[in-house]
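Asks: Checked Swiss-Prot, it gives:
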- Cys50: active site, nucleophile (ACT_SITE)
- Thr49, Cys50, Asn51, Arg52, Ser109, Glu114, Gly115, Gln116, Gln120: substrate binding site (BINDING)
- Gly189, Ala190, Gly191, Lys192, Met193, Ser194: NADP(+) binding site (BINDING)
- His99: site 'Important for activity' (SITE)
Amino acid sequence: MNIAVVGLSHKTAPVDVREKLSIPDDVKEKATSQLRSYPHLEEVAILSTCNRMEVYVVAQETDDGIRELTQFLSEWSQIPLLELRQHLFILLHQDAVMHLMRVSAGLDSLVLGEGQILAQVKQTHKLSQKYSGAGPILNRLFKQAISAGKRVRTETSIGTGAVSISSAAVELAQIKTEDLSAHRVAIIGAGKMSRLLVKHLLSKGANQIAILNRSLKRAEQLADQFQGADLKLHTLADMQAVLTESDLIFTSTASTEPLLDRDILEPIVCDRQSCMIFDISVPRNVHSNVNELSQVHAFNVDDLKAVVAQNQESRRQMALEAESLLEEEVASFDVWWRSLETVPTISSLRTKVESIREQELEKALSRLGTEFAEKHQEVIEALTRGIVNKILHDPMVQLRAQQDIEVRRKAMQSLNMLFNLNSSQGVAKQRNT
C-alpha cells in the first residue's frame, strides 16, 4: 500500500479551473463515498479551499489507485482528463507526507504562514473520519500534520504578522482607492473570511460598511464581534439597494453559483463612474462577464498575488527554519509507517502464544477440580496473562523500533520460522510497498 495525494492549487491552476474542482463540506460525504467505492482506494481525505483542492488516499495498488482518482476528478469537474492533467500534481508516500506537513504549516499557501489553513486541515481530518474516509494510516498522518503545523507556529515566527487572503484584498482596495474612509463598502457573506474583511477594513479607516447575508442572524453574530463599529446589516433581499449605494464590494460566500453577473450589476452601476469588486471566494461569487461593464473593475483571488509578494520575502528565512522542523516530523511518521510491516508478525505471535496460554490454563484448572474457588481462578488467569505480556514486551518493542529494514525483516523471518507463524503473506505484502 502507498500514500498518495492528487490535486491542484494556486500554483498549478487558475481560479476558473479550481472552482470547477471545488468540493465544499456539504458534498464531501458524497465525494468520499464515491471514492471509497473504487476497488483500489482504501482510505480517502479531501482538502478543498479557495486556493487548493487535494485528495489524500491510501491505495492498494498505486498506479490503479491514481488512475481511479484522476478519473473521478475529471468526472467531478467535467473537465476532460487530458486537459485536467496539465493542472494536476501527483505526489507519492514521503513526498505526499511532506506536502501535507507543508500545507498544514502554511508553507505552501499563497500567503506564506497564513493561519487559516491549519483549521482547514483539521476540518478535513474531522470530516474524513465522520464519513468513513480516513482509516488508521490517514488518521495518523493528519494528526501528525496538525501537530507539525502547531509546532511550526509555536517554534518559529512564520505566523507573526502574516497577511491573509482577506487582508490582501483590503490592501489591494486601499492601493486602488488610497483612502478607504471616503468609500462606502458592502460585504456579501458573514463567515470567517468576511469577519477578517471587517477587521482589516476597520483597521485601514473604513467606516461605512454594510454586511449582506442570507441569514440576518449570522450577520448579527459577526457584528457582535465589532461592538464599536457602526455596521449596517441586511439580508440578500436588499442586495440591489445596498450595492447601488456602495463604491467597493467584497464577496466571500460558500455559494457554488455566481451571486453577481452583468445582468444584476448593469442597472446598479449605470449612473456611476466606477465600482470595484473584490471576490475572494472559490467557486467565484462574481461572474467573469461583469468585466464587460466599463464601470466595473473586478478582482479575484488570483489578482492578490502581487500584493502578497510584497509580504513574502521577509518571511522566507522563517520558512527555512520551519522546513527543518517538518523534516523531523516526516522522519517520525516514516518510522511509524515502516513499523507497520511488523504488525502481521507481532499479531500472529501474540495470537499463538495466547492460544497456548488458554489451553494450558484450561488443563491446569481442570486438574484443580470444581471446588477451586472462582477468585483463585481469576488470580491465575491474571498471572498467566501477565507472564505472557512480560515475555512478549521486549521482543515486540525491539522489532517495532528497528529502523534498519533488512535487519527488521530478517528478525521477522526468524520469528515466523521459529514459532511456525502464518504471517509470511503479510510480510511479503509489505515488502512490495
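Cβ atoms here come from the backbone N, Cα and C positions, even for glycine.
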Asks: Are there recorded positions among His99, Gly115, Gly189, Ala190, Gly191, Ser194 that sit within 10 Å of Cys50 (active site, nucleophile), Cα to Cα? If so, list them; otherwise say none.
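Replies: Checking each Cα against Cys50 (active site, nucleophile), there are no hits.
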Asks: Once Gly189, Ala190, Gly191, Lys192, Met193, Ser194 are set aside, which residues in the chain still have Cβ within 8 Å of the Cβ centroid of the NADP(+) site?
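Replies: Apart from the listed residues, the neighbours are Ile187, Arg195, Leu196, Leu197, Leu222, Ser252, Thr253.
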Asks: What's the most sparsely packed of the recorded positions His99, Lys192, counting other C-beta atoms within 10 A?
Replies: Lys192
Asks: Around the Cβ of Ala190 (NADP(+) binding site), how many other Cβ atoms lie within 10 Å? Please give the count over every shown protein chain.
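Replies: By my count, 25.
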Asks: Taking the residues Thr49, Cys50, Asn51, Arg52, Ser109, Glu114, Gly115, Gln116, Gln120 listed for substrate, what is the greatest CA to CA distance in Å, to the nearest whole number?
Replies: 15
Asks: Which state, by DSSP, holds Met193 (NADP(+) binding site): helix, strand or coil?
Replies: helix
Asks: Sorry to bug you, but what's the C-alpha spacing from Gln120 (substrate binding site) to Lys192 (NADP(+) binding site), rounded to the closest Å?
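Replies: Lys192 (NADP(+) binding site) to Gln120 (substrate binding site), Cα-Cα distance: 12 Å.
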Asks: Using a 10 Å cut-off, grab the number of neighbouring Cβ atoms around the Cβ of Gly115 (substrate binding site), all chains included.
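Replies: Its Cβ has 15 other Cβ atoms within 10 Å.
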Asks: Taking the Cβ of Asn51 (substrate binding site) as the centre, count every other Cβ atom within 10 Å, in any protein chain shown.
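Replies: Summing over all protein chains shown, Asn51 (substrate binding site) has 23 other Cβ atoms within 10 Å.
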